[in-house]
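Taken from Swiss-Prot, the feature region 'Pyrophosphorylase' applies to 1-232, supported by sequence analysis. Taken from Swiss-Prot, the feature UDP-N-acetyl-alpha-D-glucosamine binding site covers 11-14, Lys25, Gln78, 83-84, Gly144, Glu158, Asn173, Asn230, Arg319, Lys337, Tyr352, Asn363. Here Swiss-Prot flags Asp108, Asn230 as Mg(2+) binding site, drawing on sequence analysis. Taken from Swiss-Prot, the feature region 'Linker' covers 233-253. Swiss-Prot lists 254-458 with the feature region 'N-acetyltransferase', giving sequence analysis as the kind of evidence. Marked as active site, proton acceptor by Swiss-Prot: His349. The acetyl-CoA binding site annotation in Swiss-Prot covers Ala366, Asn372, Tyr373, Ser391, Ser409, Arg426 and is backed by sequence analysis.
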Amino acid sequence: MSQRSCLSVILAAGEGTRMKSALPKVLHQIAGLPMVAHVVKAADAAGASSDAIVIGHGAEEMRKAVTKFSPKAETFVQEERLGTAHAVLAAREAISRGYDDILVMFGDTPLIDAEALNLARLKLAEGAAVAVIGFRPPLPNGYGRLVEKGGKLIAIREEKDCSEAEKKIGFCNAGMMAVAGAHALKLLDAVGNKNAKGEYYLTDIVEIAGAQGLDVVATEASFENALGINNRAELAQAEGIWQARRRQEAMLSGVTLIAPETVYFSHDTEIGADTVVEPNVWFGPGVKIAGGAKIHAFSHIEGATIAANCDVGPFARLRPGADLRNKAKVGNFCEVKQAVIEEGAKVNHLTYIGDARVGAGANIGAGTITCNYDGFSKFFTDIGEGAFVGSNSSLVAPVSIGKGGYIASGSVITESVPDDALAFGRARQKTIPGKGKELRERFASAAAAKKKAAGADH
């Protein structure tokens, strides 16, 4: 099939009213990626060299989204909702370019995979004009049935039109199909709208092709792969299926997940062998983790790069631009954003590091803050190799701490510190003997007087 050209036509024009959302249905996300983008990825993995996405509701928002996740895809607008065949013909310009295979798919089936699509394409390569993808749901009620005879598909029958015998068929229509490019437009143009709704149904091409003496067959996908999303409950179901698959894939690739069901991956998470992930960890888009890292419980990571043998968390937050080098440590209740933590450096607890570099082997004490924002602009903090920053320090950017520099605890550092220098940035402590007792007695007396006055008012 590698020699056969292929176009995917992805139908994504529906309003999706059951989602009860201002966002077009197919832009709701699975693993941080719009549903329709998952469909495009599957089509491309199955050999589609071009993608035509048919849009309607929220067209401008859809165009912007498509540009982000698939710049090469084209969008075509279905101006009126006149049925699925009518929607496919909105992409007539693309279909007419002479592709060998046309994959017709739906933007709300995010779990479809290349294997199911390639099986349908294989049937076209073997001579079929149409290959319809079917599935076997636990309960077929409500689905159109695939009616076969002698190994050929002769009709797709909506349940309300099924005979009693046809209602017993468990093989149902998933809505997706592969159509030979040489026949596609002729078959689509032959679809009529003489039905109760006055719409043009894609399923009619099965009988039209059969009447023209063309071969029509059915292939089978799993129930999960064919799952269509119509509401938030089904969206959550699909998310669960996707996550379960990705967790299994990670574990079989050498990643240890202590409590797999509590770890959530993004569509693009990369994670190396011998990494250990503790319970309740969330990975957002753009995370790359090399082998041997340890991610402790309740960490939240997005847009971050974590090198080999790093240690993260528990309760750590790594935001976009966080770059942890080999054996770096970011501990509990720390946030790192747009910052490099170099080899062996330690940011152990209760710390914010933003727009900064922490040099190799440096140690950042508890409660340290890089003050990087003045309300208008961001500024950079550079902490040199082997530097030590004492607890509860504020580093007011732009500022640099030289190699081996030492910052005393509780300092507010507003000027750069040279290599190997010691810097204090705090008021000198003053101790007044007996003053503590005096204050305590004064405060106790004032509190008692206030309580007495309050009682008198009642």
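Note: Cβ is positioned from N, Cα and C throughout, glycine not excepted.
All features noted in Swiss-Prot, drawn onto the structure.
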{"residue": "Ala13", "record": "UDP-N-acetyl-alpha-D-glucosamine binding site", "Cβ within 10 Å": "26"}
{"residue": "Gly83", "record": "UDP-N-acetyl-alpha-D-glucosamine binding site", "Cβ within 10 Å": "21"}
{"residue": "Asp108", "record": "Mg(2+) binding site", "Cβ within 10 Å": "25"}
{"residue": "Gly144", "record": "UDP-N-acetyl-alpha-D-glucosamine binding site", "Cβ within 10 Å": "23"}
{"residue": "Asn230", "record": "Mg(2+) binding site", "Cβ within 10 Å": "14"}
{"residue": "Arg319", "record": "UDP-N-acetyl-alpha-D-glucosamine binding site", "Cβ within 10 Å": "17"}
{"residue": "His349", "record": "active site, proton acceptor", "Cβ within 10 Å": "18"}
{"residue": "Tyr352", "record": "UDP-N-acetyl-alpha-D-glucosamine binding site", "Cβ within 10 Å": "20"}
{"residue": "Tyr373", "record": "acetyl-CoA binding site", "Cβ within 10 Å": "12"}
{"residue": "Arg426", "record": "acetyl-CoA binding site", "Cβ within 10 Å": "15"}
Item checked: Model confidence over the region 'Linker' (233-253) (mean pLDDT, whole number) -> 98
Note to self: I'd like to know which of the binding-site residues Leu11, Ala366 has the most other Cβ atoms within 10 Å of its Cβ.
What the structure shows: Leu11
Next item on the list: Sort the binding-site residues Gly144, Asn230, Arg319 by C-alpha distance from the residue listed as 'active site, proton acceptor' and give me just the closest.
Entry: Arg319
Next item on the list: Select one residue from Asn173, Ser409: among these binding-site residues, choose the one with the most other Cβ atoms within 10 Å of its Cβ.
Entry: Asn173
Next item on the list: Give the residue from the binding-site residues Asn372, Ser391 that has the most other Cβ atoms within 10 Å of its Cβ, counting over every protein chain displayed.
Entry: Asn372
Margin query: Nearest of the binding-site residues to Arg426 (acetyl-CoA binding site) by CA-CA distance, picking from Leu11, Lys25, Asp108, Asn173?
Written below: Lys25
Item checked: Number of Cβ atoms other than its own within 10 Å, given for Lys25 (UDP-N-acetyl-alpha-D-glucosamine binding site) -> 24
Next item on the list: Measure from the CA atom of Asp108 (Mg(2+) binding site) to the CA atom of Ala13 (UDP-N-acetyl-alpha-D-glucosamine binding site) and give the result in Å, rounded to a whole number.
Entry: 10
Margin query: Please report the distance from the Cα of Tyr352 (UDP-N-acetyl-alpha-D-glucosamine binding site) to the Cα of Tyr373 (acetyl-CoA binding site), rounded to the nearest angstrom.
Written below: 12
